[in-house]
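What Swiss-Prot says about this protein:
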| type | residues | note |
| --- | --- | --- |
| TRANSMEM | 2-22 | transmembrane segment |
| TRANSMEM | 69-89 | transmembrane segment |
| TRANSMEM | 102-122 | transmembrane segment |
| TRANSMEM | 146-166 | transmembrane segment |
| TRANSMEM | 171-191 | transmembrane segment |
| TRANSMEM | 222-242 | transmembrane segment |
| TRANSMEM | 253-273 | transmembrane segment |
| TRANSMEM | 294-314 | transmembrane segment |
Amino acid sequence: MFLINTLLLILPVLLAMAFLTLVERKILGYMQLRKGPNIVGPYGLLQPIADAIKLFTKEPLRPLTSSPLLFIIAPTLALTLALSMWLPIPMPYPLVNLNMGILFILATSSLAVYSILWSGWASNSKYALFGALRAVAQTISYEVTLAIILLCILLMNGSFTLSSLITTQEYMWILLPAWPLAMMWFISTLAETNRAPFDLTEGESELVSGFNVEYAGGPFALFFLAEYTNIILMNALTAILFLGSFHSHTNPEMFTVNFATKTLLLTMTFLWIRASYPRFRYDQLMHLLWKSFLPLTLALCMWHISMPIMLSSIPPQM
């Protein structure tokens, strides 16, 4: 039964990810005054399927000097970690109701750094290694602010379980009292998922394509799948943390529809930002984090710790 439940979670996520690639190309197309994919199937709806068939039927080429085992393990690990992060997400009931659900997601997203680092190192190419080191520095840096913002939310929530956030936000979204945190969280998730304007790992002008430059066919598709799965996951997490949907026990599917709509709108904002903004310079990226976000999030964290103590109260206990 658990296997069936797992498949029923993974398959819709993969399907959503496949069509996200189409939505992205359509949005970019319309923002650049062109149509986007419109040949394969009606309105280009079969384009993701055609892309998948093309990539997975290609010959998986590997550089002669690469490390064969790590070269294959890296993309597999990337996708496995991206999918495993969906386990504690409540929709409205999680597949695995972990006591430390948020901590699990944070730890698993940190492990994703290894797949990027291994892919860059195993490729035995200087461009891939530079791209991987950039990605690792960026991901590790922005995880600091993500962790502190999560701590602030948990202090308001009073529990580490994601399901309790639904109860906390029954009457008011956490977005309203904590909008500075929400803004910094959203920008940090952009950087965490290596999306524009923080896509420095894929700087075509200086790094050809980034850490996946030596990958082709199936292994490249796995990295692609992992990236887009992470984008949907981060937006799903944003929807749960800041835009909690109302959950009625008599009508739980309404929560799922509400949650999916919010996730879709946030994901489309990601794509809209990609179409609108140029890429940051690397020093600007690091300056934004270490000199702007980190002091602000630390100050807000101290504020959220001191407020309950000052008011002689404790956060709501589940």
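Quick reminder: no glycine exception, Cβ is built from N, Cα and C everywhere.
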Next item on the list: Answer with yes or no whether the transmembrane segment (222-242) touches the transmembrane segment (102-122) by the criterion of at least three Cβ pairs under 8 A, sequence separation 6 or more.
Entry: yes
Check: With pairs closer than 6 in sequence left out, are the transmembrane segment (222-242) and the transmembrane segment (2-22) joined by 3 or more CB pairs under 8 Å?
Finding: yes
Check: the transmembrane segment (69-89): which same-chain residues, six or more beyond its ends, come within Cβ distance under 8 Å?
Finding: 9-10, 13, 62, 95-98, 101-102, 104-105, 108-109, 111-112, 114-116, 118-119, 121-123, 162, 214-215, 219-220, 222-223, 225-226, 229-230, 233, 236-237, 240
